[in-house]
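Below you'll find the structure, written out as structure tokens, and then a few comments.
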Amino acid sequence: MKRLRYIGDTAKSLPRVRLKPDVHRCIHAVLWLLVVLQVVAANRPPRFLIDGRSEIVIRLKEGSETPVGSLIYRLRGIDPDGDALRFGIREQVGSDILRIEAISSNEANIYLVKELDREVRDEYSFVLTLTDGHLGEGNFITQSFLLLVEDVNDNEPVFKPYPSAITVKEDAPPGVLFTVEATDLDEGAYGQVLYNLQELDGDIDNFAIQTVNGKGVIRLTSRLDYERKSLYQLRVLAVDRANQGRVNTGTAAVLVKVQDVEDQPPEFVVASPVTRISEDAPVGTSVLQVRAIDGDRGINNRISYSIISGGEEHFDIDSSSGTVYTVSPLDREDPNNSNGAYILEILATEESHMVSPLPSATTEVTVIVTDVNDEKPRFRSLKYVGEIIENAQQNTPITFLQDGVPEVFDYDQGKNGTFELYLVGDNGVFDVTPFKGINEASFLIRVNNPMYLDYEKVTVMNFSIVAKEIVSKDPKMSVVPIMVHIKDENDNFPEFTESLYTVSIPENCVVGTTVAWVQAFDQDSDNYGTRGIRYTSLGGSIAHLLFLNPISGVITVKEAGVDSFDRELVSRHYLTVEARDDQGKGNRNTVQLIINIDDVNDNAPMFLANKYEARLLENEKEFENPLILEARDIDLNGTKNSHIEYSIVGGDYKHNFSIDPNLGIITPVGGLDFEQIPGDNSNIRPVHLTVRARDFGTPSLSSTVPVTIYVQDVNDHAPLFTQMIYKRSIPEDMPGGTSVLEVKARDGDGSSPNNRVVYRIQRGASDKFVIDSRTGLISVANGSSLDPDRTDPKTTKYTLTVVGIDGGIGDQQLSAAVIVNITIVDVNNKPPILLEPGVVHVMENTQVGTTIYRAQAHDLDEQPVLRFALDKTASYAKNEDGVPVSAAEYDYLSIWDLNTVDGTLRVVRLLDREKVEIIKLTITVEDMAAIDGGPLQTASATLTIMVEDENDNNPKFRKPFYKTSITENSKNGMHIDTVIADDADKNRTMTYFLEGSEDLLNLVHMESTTGELVVASKIDHETHSWLNLTVKAVDSGHPPRYAVVDLVIQVLDENDNNPIFEMSPFEYRIKEDVEPGTTVANIIARDADSGEYGKVTYLLDRVSTQGKFLINADTGALKVSDWLDRETQSSYNLVVEAWDNYQFGYLSGESRNAFKQIIVQIEDVNDNPPILNLPSECTTITEFHNHREAIVSVSATDADDNNTPNGRVQFHLVAGKGHDLFRFEQVGGDANTGRLFAKQSLKDRFGNYTLIVEARDLGVPANVMRGELHLCVTDYNDHAPIFVHPPQNVTVKVPENATIGTTVLEIHAIDADIGPNGAVRYRLRQDAQGSWRAFTMHATSGALRTARSLDRDKQTTYQLRIEAYDLGLPTPLSSDLDLTVYVQNVDNYRPRFPYKHIHLNITENVKGYSTYLPSVIERDEIDRGDEPVLPVCYYIVEGNDDAVFDVDRNTHRLTSKSLDREQKTQYLLTVLATEDCLAKPVYDENLHGISTLKVHVLVNDVNDNSPRFVSKIFTGGVTTEADFGIEFMHVKAIDIDEGMNAKITYYLIGDVKETLTEGLENLAVSPFLVAVDTGAVSLNFDPQKGMKGYFDFKVLANDTDGLEDVAHVFIYLLREDQRVRFVLRAHPSEIRDKVNTFREQLARVTNSVVNIDDLRVHENKDGSVDNTKTDLYLHLVNGEDHSVLEVDQVLKLVDKNIEQLDELFKEFNVLDTQPAEYQPLTADTLSSNQTVYWLVWTTLFLAILLVLVVMMCLSQRADFVRKLKAATAAAYSSPTPGESDMTIRSSGGRVPNTNKHSTKGSNPIWLHAYENDWYKSDDQLSHSERDSLDENAVDQDMSNEKPYFITTAAFPSIQSEGNAQPNQTNYDFYQQLEQMKNAKNMETTEL
């Protein structure tokens, strides 16, 4: 039936014909016959419809995710016969979970009947069946069906057995306590468990848990304190890693008990923190007393006291009572103390017999030394020297010189350190500030009376400064002298000697000419006066050409000969000269300089043209046109300088021409011969002259101009052949087209075509020869034969007559003739014939010189010369195995000698059959008498030589000798070795014999046929350590031949003795600072065995040494291998191993050993510096931190003994940014802890500080450690990494031939956090299938690379899960990315991509984006050939103009630079795949299009732009008559991102501030609401009359990623009568976009806040609407007190500023300003306005529709009138023969076709055309308003018209049936439009 339908479809396209009834019946019969054949055809099997897949694969989630009864798949089938189909499933294990239900004849549904559980079974493989009922019983069509069960998170982690309680000593070091493990039956992330730790009281600072290999390792992170807490209740949480949905948790409880130890130091109970003592107290005075008790419970040991720091040189303490007393005099002002205070650190030591070192504690007490008046004020300098300028203003400070420090100090306390400052001897000219100071003060000496500071009167002043204490009793004082120098000041200006300088110079002045001399004077002295004047600047038009001497003021010419000195251009120049004193740096003055230019004769005459040209015929005496030259001189007219004379001064033919000296007219002296003028073959040859024009000035100046005269040739010479006759002999076999000879004729004319000769054969060629008309080359005619035997009659000579004709025209053409004789010579051209040689048998070693064959050949030529040769390239040989033998292996060609004359073949070398058995020699014969240059006359044949064998080779063993070994006591029959001999002859059967002494032959046995040697009897190493035998091999030839070989057998010894250690000490002691390499002990062991079995090797157990010791493997010397540290480990228990036969038997288990244990004790030395325990992260504080509170506590540990000074640490700040702002205080009672304080308030000192902290122990010498302490604001880790490339579940393709390390793609994830919290790292998750093993992941770059070779035949796809995690603390966050890697096949055929277009999405701002382009498709494997696979390289050939993309041609990795979506949103790249990897090919679409890929790159947006409010301040107003909930204003923000990144939400943040409000006291809610999506501000209360005030609040605009902006909103509550209405002449739609401009300018002019309330169509007083006007409602607010202005105030402001508002009102067409009428602002108002708009536009539409209907009726009436008149109009025909009747010409009226054509479309009733009058002139336009058809008028005057045409080609529907000319049927209408060159607007013809 398909075939019938196809025939039917084809018939539709054929021409319709009318068939007879009989034909119809025949067709019906044929159709029924085809139907019957289809019915009776055999049944065809059905098939499944699965879209070309080989297997049906579906994935279902387990459990309730896929409920029982779910439809999981729909089966479809097709039967070619249309039979009903039955679907089924084959019975097998697990098939009961499915049910198949038919829903139609070819469809069935598969339902789930049992719940799935992945943990029970994760995969089901079924076989589906299909039958149409006609396949036979039990026969089905089968289809595999794979059901994969996907995991859901339905199992909780379950803990394995674990300890419920543990006991830990409080001094236990940090380390692992115990391990728990929980398992989760789920897979993937659902089955991966992470562990968290909790404590009942939240106290988990001492514990931590870490997930290691699926187990939870619980660690003790810091030491416990029994006194603080003795019991911890820990809870371990096991949480699976589900990244979405349900998260399951398991719990385990563990009780940690703390065991107490004696570890508490003493505690101070009495310690006065501050004590005062007078600085004059005598030695021995008691200061204070401290007391401490034992800190442990139940123990009260005796306490001893000592001072360890802070004032040991002044104080001491009684060790028993704790009393502190002085031991030396005190001085509060001593700079070594801290401002009169001593901080004593007192150590209390417990005298314990149980603990070592002894427990101790420290405390700090402060001793303040009170002051007595024992210091006097002191100045920092003994004298002061300063300076001050004259006329300095009052309060100007003097400048101190000579390193004077203006400071005074008295470090006594209170009034004792307070002093006053005053001057003595200055006469009131100066004063000092400050006049009083405390302890220390800096002072200034300022001018008090500037009248006395006159440099001309006094230059130096001397006085003194006094510092005196203010105490009344015995005040102390200091006096210091001061010297002040008065400096002069520059206060006079330079004055020039002349107010104006005028000079003159000639215009041809030279360099160095003096132009002018200017001078200036200054009344000041020294450099401020005349001595310091410098002339600094010269300005003006020619200043750059002059040089101004800066000292003398002389101006000279610097550059000459330029246009600036040309009087004809500028005759006068104006310049400005500047002078400055103080050597050019002080006061300045200027003067004007005028330079007049004197004229000189400096202009030469100039011709009006650059060159002159003329034409002159050969032999003529007149030019075709007169040749006149003209020159002009711009010098003054009427003088000799401008008088010009002409002359010819140059040219080879200057004597052939003359020139008029005054008029410049050139004429020929006589006629010129063209051939005498050199030149090319053109008919024009130039004659060059040089004409000079000179003036009569002094000196005389001149200029020249080139004149070119073109002489034209005439034909006056006939051609002339170079020979009188031409002869040539040629061979008979010369082919057609071969050149014979060349005739040559010369023409004496000098140009073409006069001298161009054309050649013709006039007679005698007999069609055998032709001649080239241009070159005269005679050649054999193509297709002709010169063989005399083939010509009739036989011809051996041809006589040709050749004519040469020149290129003259008409009668001027000339010619000549010549005879050519050609003789034909016979040649030898027949090849010889060689007889077939056959096969020859030759015995190897045949005697040299034996002849084995003779070649025979003959030649049909009369005198052949035949020579024989061997063709070495065509000959070959094979050995007995049929393998070809090359000449390099065996030179079988040199064995033979072939006589080149008689063809005999002789043996010249012995034959060796073992190397070659069959030789194929190719013999060639050549006729040496053949013609030279012709084809070789040769013949060839192959001779086969069979070489027969001869027994001529001895057997040969495969080894020159045999050497082996065997262990003693080996069993009989044990294999020892096998000897094998080979024979090159065919007699290869070998017999082996063993020869030697009788006793040795009894020990072994050899098999005679195989050569195998075995043990025959017991072999003893001690009896026979070596067995020396001989083996003989005999072949089977006649006569037989043999060979012998030596056999040596070594008998090996067995190892049966253990090593034994010699007696040595068990324990050794060394110091921890011994250098590596120090010998600890020498260990010796001995072994009774010999050789390797007796050689002892020493080893150390690596676990016990911990890398600190090594032993010499040969000598047993035990040495230190690394630096020791007693604090890490105080002793080592070493295990020494002694092994024999270690080198050869250790790995095979054939070594014997012994062990010895050694203990090494490490003795301590003081070698450990303090270890600073500083916070690793920044410590956060605010700038308002109280400087009296500690910022952070730091501690240090010292591995040395903490009970000695070596283990006690103090802290100091030594460097770092801002270290002077902070200080350390030691914590009392804990010598190794310090607290950091700020010295002062940190307000306005925010930032990040890096402090260098020094920890110094108290040992001698002290050990110091420094570290950095960071103070800053830290981030909280609350964002997990987000993958930005590639997307989730993406499939990446990689070729299977990718090498190890090939980058598959680069993963990129971002983290919104900063610092370590935002640092992203990558790793591969392990999966059950092991796909992760095939790849590696770079932790930082995210590059996924191959880790092993990929094999597509083994695995096609890899399912990977990539984890991106950050480095945040305390818990890193992570995200997973599922990725599929598809392995592509690779072939070696023409590259072709699997699809022509791919689309890439690249996120903007991503740096270093890369991806791999798809590989080309592979051909089926069965089509592969043996050709090598070539690499395919990729190139970008189009679309990369801005070079932002790059593709690696080998790896096919496409990379891009950082893209910006806001600049360009998409790219289209053309990538070419080619096997040419050497150079980038030139792209041709037609040639390379099949191997190209179009890459469409779409730049994805990222949220990199935050919203921005259009204004930072929004103002608005609402009246008290407004309804509740009304939206009265909008806030708007713009985000230039796109999509969801640009989605903005608005929020009201903070409280709404009410100002000057009344009537709103009881308002309990926010008065305004902001719409989240639109930013509309609406009322949230019902305003009442009498309410007033204004509100302000902040609005936040937030995008989807949290980027934000804030704006301030001010809303004023006003009455309705406070609004003003502006009436504008424009529709609201025209005003709405620029209303903000109106508001801003009005606000600027009125200095008020202007708020727009409404914008609506103008409403007249009678209530009607005027669409041409707009009512703009607004109100004004006072910007100072925020009060709303009344209407009369607004109108007054407008009137007051009407001039400034005039331009604004004109721009917006403001018609009136008036109070707004009362109209409540309600929601109904807005809807009513919309109704008004709708009614207005509906009315307008109906009116326009009515007008169109009326116009259509009138148009139809005119058409029918035209139809009536067209029926009676006279025929219109073209007056021009051949012109189409379709041509319409525009005349005085419109004259279209009338009734000339009868088809629809060609008559004007159907064809409506209007004239394109825009291209016509005025006289062509129609002046009559009536159509010409109305009067049937025809104007046939077309003399001045430009017609336009309507042709059948332009309108194919118009068919001409009348007298239309056939040549117009294809006329293109648009060809006529090209004639309209002045067209400005093309209009189209309507149909």
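Note that Cβ sites are derived from N, Cα and C of the backbone, with glycine treated the same way.
Automatic prediction, not curation, is the source of TrEMBL annotations.
Annotation source TrEMBL lists compositional bias 'Polar residues' at 1792-1802.
TrEMBL lists 64-159 (among others) with the feature domain 'Cadherin'.
Positions annotated as domain 'Cadherin' by TrEMBL: 160-268 (among others). When pLDDT values are averaged over the domain 'Cadherin' (160-268), the model yields 85.
The domain 'Cadherin' (277-379): residue composition by secondary structure is 0 helix, 47 strand, 56 coil, according to DSSP. Annotated domain 'Cadherin' per TrEMBL: 277-379 (among others), in sequence order.
What TrEMBL records for 380-496 (among others) is domain 'Cadherin'.
As annotated by TrEMBL, domain 'Cadherin' applies to 497-607 (among others).
TrEMBL lists 608-721 (among others) with the feature domain 'Cadherin'.
DSSP states for the domain 'Cadherin' (834-957), grouped as helix (H, G, I), strand (E, B) and coil, give 3 helix, 59 strand, 62 coil. What TrEMBL records for 834-957 (among others) is domain 'Cadherin'.
For 958-1061 (among others), the entry in TrEMBL reads domain 'Cadherin'.
Remark: secondary structure over the domain 'Cadherin' (1062-1172) totals 12 helix, 46 strand, 53 coil, with classes taken from DSSP. Per TrEMBL, domain 'Cadherin' is recorded for 1062-1172 (among others).
Annotated domain 'Cadherin' per TrEMBL: 1180-1283 (among others), in sequence order.
Secondary structure of the domain 'Cadherin' (1286-1393) per DSSP (helix as H, G, I; strand as E, B; remaining residues coil): 8 helix, 46 strand, 54 coil. TrEMBL lists 1286-1393 (among others) with the feature domain 'Cadherin'.
According to TrEMBL, the feature domain 'Cadherin' maps to 1394-1509 (among others).
Summarising the annotation, TrEMBL assigns region 'Disordered' to 1772-1802.
Sequence-distant neighbours of the transmembrane segment (1732-1754) (same chain, 6+ residues past either end, Cβ-Cβ under 8 Å): 1657, 1665, 1667. Sequence annotations record features per position, and here TrEMBL assigns transmembrane segment to 1732-1754.
Using a cut-off of 8 Å between Cβ atoms, the domain 'Cadherin' (1180-1283) and the domain 'Cadherin' (834-957) share fewer than three residue pairs, counting only pairs 6 or more apart in sequence. The recorded stretches the domain 'Cadherin' (160-268) and the domain 'Cadherin' (1286-1393) share 3+ CB pairs below 8 A when only pairs 6 or more apart in sequence are counted, and are therefore in contact. Residue counts for the domain 'Cadherin' (380-496) under DSSP, helix first, then strand, then coil, are 7 helix, 57 strand, 53 coil.
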